[in-house]
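The next block holds one structure in the form of structure tokens; read it before the comments.
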Amino acid sequence: MPSSVEASGPLSLSPAPSPTSSTSSTSSLDLLLAAEDPSPLLPPPQMTAHRVVFGRNVIQVPLKQSTTSEYVNLVLSQLEFDAMAVHVPQYEALPPEELLERITQLLKEQETKRRQRAGSSGDQQAGDSLAAFQSRLLELEYERKRLHTKLRGAKALQLSLTDENTTLRVQLELQAVDVEELLRYQTLHLGGDVAKWKNVAKQALRQLGVVKDELKQVKEQVKGGWDEAAATVEDAVDMVVQEVDRREHVLQLSYLAEKKERETMAEKYYELSGRIRVFCRLRPGKEVDAPALVMPRPNNLLIAGSGKEFAFDQVFGPQSTQADVYAQIEPLVVSFTDGYNACIMAYGQTGSGKTHTMVGNDHGALEHRANGLTVHANAGVIPRALQQVFAVVNKRQMTYVDAIRVSMVEIYNDQILDLLHEDSCGAGKNAVAKNETDITARDVSSYAQVDAVMRDGNANRNIAATKMNLESSRSHALVFLHLESQHRDTREMRTSTLCLVDLAGSERISRSQVEGDRLRETQHINKSLAALGDVVYALQHKAKHTPYRNSKLTYMLRDMLSGQAKTLMMLQLSPDTIDVEETTCSLQFGARVSQVQMGAVRPSVESGALFKLQEENRTLEAKTLAMETQVSDLQRQCQQQGNELREAQSSKEALERQLWLLGGRQRGDKAPAELDHDESPPEDRSPSTSRPPSPTPSGKASLSASSTTSARSARPSRVRTAQPATPASQRPNARRTQVSASPRESMTSRTQSPATPTSAMSRLRRPGSMLELSLGNDS
């Protein structure tokens, strides 16, 4: 055995011994070693359980791994094996590689110590050499004993195996004899049976051949019949499938027709009754617990806590999509394009999803609708309705001429704010509209234009955050779409208005905890919603007075709530238990609205004949206006001539007085009494020629002409009987007759009194003068 680790060679692992090795032999070997030399140098029993000795200085030790329970053989030198045996309690749980490293390290440490001791002094070196020699001697003695013991064990094992081999050989020979005897017996006694069974087997084979032939024939027959039966069954199945498909198609067509007829009848019912339709939509709940609202049956809602149940025209659950909601609202938009006024409004508490339903957003995937349009999946009612309106307009542009205008306002703090005005900039600084005529209406011809207009209007809306909603609408938003359609052939004109309303949410101040501007906004919102409730109550009970003017909101919606439009209310609800009080109020309000019936709704249609009459009427109105202008000019001319006539009359009266005075001087020889009786002024003698009361301005020219004629006819009063005075009650009615007759009387007076002196005033009375022409025109 080498004296150092380097001489002993590296440690190595070898495969574990075959499990077929005799355990008893190794056990007997260990017992022999223990009985011969109970030296303390022997390793512990667990290390010698399966130890195998190879040669003089090489030992193979099997080691069981703790992780895999498998054995790994360690090939060690004697010195390594002794070191391992001493420290086995510490190293038996280690992996084989680490165990070998520890043993090698331990041997190196021992060698180092030995060398240190050897170099300390010469005496120690001699002692160490002697000790090493003695140790070597002991090792050799131990090796001798071990080899001797191994030899004895091998011999004992050889003897044992020899005995076993002999025993097995004897048993095998006995079994061979038994088998030979059994075969001999079977050959002798079973020969006849074998021949008989061979014959039976031959007959069986012949019968089997016949049966195979018959089976082949049967298979061929069955195959032919199977093919025929399969073909028949396949034909029958095809016929059944075709019949089922036909019936399914017929049923589907019947269902669609029935559904369309039902929708038509329902639409006709709503049109004739004027009932406001109420739809409900539940937003997804925020709570994990059971919701406060349940749907016991379609279109019904039940409050779980109180047990109250409400029925509406349509109820949408939390899983309903924007497309599902608009599919039920679409007939109302189609009615708008047919000439009916329509109104769609969303009502509910704050945070219940009104703006999401009406406006939506541009997020989500694109959705392809049945009419070929493409829209975002989260788009609301307003963009879908506008898109459909322009789709209908583009589709019928060969038949109709359509003009569309859009307006957008908000009711903020009970003021009408124009969101599309050029001065509007949002944040409460929008332009105020005093009445409907001040609202901006933009002409649009495509969905892209109206979408841009809607974006501008939404950017100007008043939105603020509260404790109940981060983006709470602080105003009511109203979108008006005005459509004018005229048929190209019949000239039929249709006008309709679509009103889309996103109401602000009702909220309790105790919950929202708003203050300042938000508090004032909340008060105005609740006040306007209360006014809407008063209008609904009045409509429900058919009151004589409907308070539309109590709020700007109801004032703007008066046409839509007075029976002139098809109205639909979308009731937005929250299923959370914390909102059950507000939800109950909303459900009660929706139930009242659903009972309102406003009468039949009729389209605003003007026929082609009426349109032609209107055009003729406008033409006649233009002519009438021109004639009125001419009449006004003639009246001004008559007024000027009347003024000239009054001036001439004044001059005439002055000249008559002068003439009368001159005549009186020429007849100065007459008596004063006769003078007083015969030569008094005409106006004093003839009461019938007294001036009538001042007439209206339009009749001044007539009266002035009448006075002049009366003065002219008063001169021959000495030779004619005085005319009786006209009663005052008959003067206005006889005014024109008097004026028209006065020229004839003046001509008669001239023929009857040729001695009347000719004066300058007589030239005013000649026929065909301007005065008579003006009087004739006036008469």
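Every residue gets a Cβ built from N, Cα and C, even glycine.
As written in TrEMBL, here are the features:
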BINDING   GLY348, GLN349, THR350, GLY351, SER352, GLY353, LYS354, THR355  ATP binding site
COILED    617-658  coiled coil
COMPBIAS  10-28  compositional bias 'Low complexity'
COMPBIAS  666-686  compositional bias 'Basic and acidic residues'
COMPBIAS  697-722  compositional bias 'Low complexity'
COMPBIAS  723-761  compositional bias 'Polar residues'
DOMAIN    275-596  domain 'Kinesin motor'
REGION    1-28  region 'Disordered'
REGION    664-779  region 'Disordered'
> Across all chains shown, how many C-beta atoms besides its own are within 10 angstroms of the C-beta of GLY351 (ATP binding site)?
Replying inline: 23
> What does DSSP call LYS354 (ATP binding site) in the simple three-state scheme?
Replying inline: helix
> Any idea what the model's mean pLDDT is for the domain 'Kinesin motor' (275-596)?
Replying inline: 85
>> Using a 10 Å cut-off on Cβ-Cβ distances across all protein chains shown, tell me which of the binding-site residues (GLY348, GLY353) has the largest neighbour count.
In response: GLY348
> In this structure, which of the binding-site residues GLN349, THR350, SER352, THR355 has the fewest other Cβ atoms within 10 Å of its Cβ?
Replying inline: GLN349
> Name the residues of the same chain, 6+ apart in sequence, whose Cβ is under 8 Å from the Cβ of LYS354 (ATP binding site)?
Replying inline: ALA346, TYR347, GLY348, SER473, ASP502, LEU503, GLY505, MET570, GLN572
